[in-house]
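Everything below concerns the one structure shown next.
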Amino acid sequence: MTQRIVVDPVTRIEGHLRVECDVGDGKVTKAWASGTMWRGIELILQGKDPRDAWVFAQRICGVCTTVHAITSVRAVENALKMEIPLNAQYIRNLIQGAHNVHDHIVHFYHLSALDFVDITSALKADPAATAKLAQSLSDWSLNTTGEFATAQKKLQAFINSGQLGIFGSGYWGHPAMKLSHEANLMAATHYLQALDVQRKMNKVVAILGSKTPHIQNMAVGGVTNPINLDSQSTLTLEKLTYIKTLIDEVGDFITKVYIPDVAAIGAFYADWTKIGRGIVNYLSIPDMPLDTKGTKFALPAGFIENGDIVKGFTPIKDFHDPYFEKGVKESVKHSWYQGGKGALHPYDGETIPNYSDWQDDGKYSFIKSPTFYDKRAQVGPLANVLGLYASGHQRTQFWVNAVLDSVSGLVGSKIGVDALHSTIGRHAARAVRCVVLHEELSNQWTLLMENIGRGDTMTFNKPVFPKEEVRGFGFHEAPRGMLSHWVVIDKGKIKNYQAVVPTTWNAGPRDEDDRISAYEAALIDTPVAVADQPLEIIRTLHSFDPCLACAVHLTDTENSSTYQVKVV
Ligand code: NFE
Ligand code: MG
């Protein structure tokens, strides 16, 4: 018997995601992912001054708040063929690095760990045994009996209050929850500690960007932070030193808590290295530019076909690479937009909403379907880590091997790179990316200090707009994957603007050739033990860290689902 399971809304994500699955013999056989809201920011941008675009574009999202600002100015700068002062590149790199590190910690602990960690079981743990388990995994200074006992009391007080809040409506006691009481208490305690740690990274974003969420210091041509270390300017020596202190303070948590926790969950749930494979064409781009022209990068990347990081890898070179520029298209055949012209390149992209009802074989989402050279692709930390690995980035190779060795040691058999093409693999890759970015943050801070030390205080080049039409693209490796903005500028005003965001790649509906997306593909064969508690479906979806922009809400009033569930 086949049952239709509808999960709407999927929670602990940004925005509004609906997923429908057909389940037969305890496994998902067909899947549909749908973005049920539309905002139209791409249309709002038409006719605007390109220098203002980043302020509007940044409001696409309240989670990846910096990324649309940075990508937008890069697109306009690309159209104008601008060079960007080194200080501005480094300051942008510091902002994006800190934002991504913050985002990955929040995603693992606060948005997805509870898919694997049972809070109610943590209450039954022995704090001393928990300390013993935690100390066997890492020498983190807070893995003590006292810390675990205090955290357990906090959780108990929370539950006694009757107001479960962030821990309400979880799938506690679900048969797919496998951790011991002690492992659950360890992870729940780290959940609480992570709340404090992520704040430190966000402080870095706020100091450099003037506030967060939504930074204020971007400009087409650079950044607006004056540098004058002797005065009360935005970037004083005191502030720069404080930024380095914050970066240093977070390092231990990433290497001694986040990485070991991901490895432990990977080992305890080793069967999840075989679930959630999905699309294994991976797209990611180079980021953290090291020169004014955007031709040298700290973090290389590219396109990987069919999961083959050796023969299937094509590097994407820089901010001007025509191989990237020509490869992207978006289809609206299955999306609630007017179409009929086939998949369009973003410079020619159209966004004309045209809502109809849900149609399994027709239109069922406000998300478009992007392709790269007519192939579907997965983006995100896994794509980025594989791209870095394939490019020979040594610190990435080191950390991938360290995590795989650690999981192999815990399960007692060799776990190879292949295990990364999975639900757990996306979590492991995100942790690797987090530590790699954290290391790079220190490098970028040193580069900035050395450059200022040479007497260079430039942060801005003035943009000049030609009368004739120009076009450009900007990309950025955001927390959820490769983000690109595409702009056509005519007489100094925006004629067309398209944002192709990470979640568009992963969560889109079927494409022009009716091929399923990364979310849909990853859900196929996912086991479902209890139909009205689809924890396993949520696990695979959360492993992508979904983000669907919010605002215009449309509801399906006539759904014919077997089970409609809300989960946290
Ligand atoms: Ni709104 Fe985002 C990131 C972007 S994802 S969270 O990361 O761009 O679709
Ligand atoms: Mg778009």
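Every residue gets a Cβ built from N, Cα and C, even glycine.
Remember, TrEMBL labels are computer predictions, not curated facts.
If you look up TrEMBL, you'll see E42, H553 marked as Mg(2+) binding site. For C61, C64, C547, the entry in TrEMBL reads Ni(2+) binding site. The Fe cation binding site annotation in TrEMBL covers C64, C550.
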With every protein chain in view, how many other Cβ atoms are within 10 Å of the Cβ of C64 (Ni(2+) binding site)?
29
Running a distance check here. Ligand 1 versus the binding-site residues E42, C61, C64, C547: which have CB less than 6 Å from one of its atoms?
C61, C64, C547
If H, G and I count as helix, E and B as strand, and all else as coil, what does DSSP give for E42 (Mg(2+) binding site)?
helix
What is the separation, in Å, between the Cα atoms of C61 (Ni(2+) binding site) and E42 (Mg(2+) binding site)?
13
Within 10 Å of the Cβ of C61 (Ni(2+) binding site), how many other Cβ atoms are there?
26
E42 (Mg(2+) binding site) has how many other Cβ neighbours within 10 Å of its own Cβ?
21
Would you mind reading off the Cα separation of C64 (Ni(2+) binding site) from E42 (Mg(2+) binding site), to the nearest angstrom?
17
Kindly assign C64 (Ni(2+) binding site) to one of the three DSSP-derived states: helix, strand or coil.
coil
Spatial separation of E42 (Mg(2+) binding site) from C547 (Ni(2+) binding site) - C-alpha basis, Å:
17
Taking 10 A as the limit, how many CB atoms besides its own sit near the CB of C547 (Ni(2+) binding site)?
27
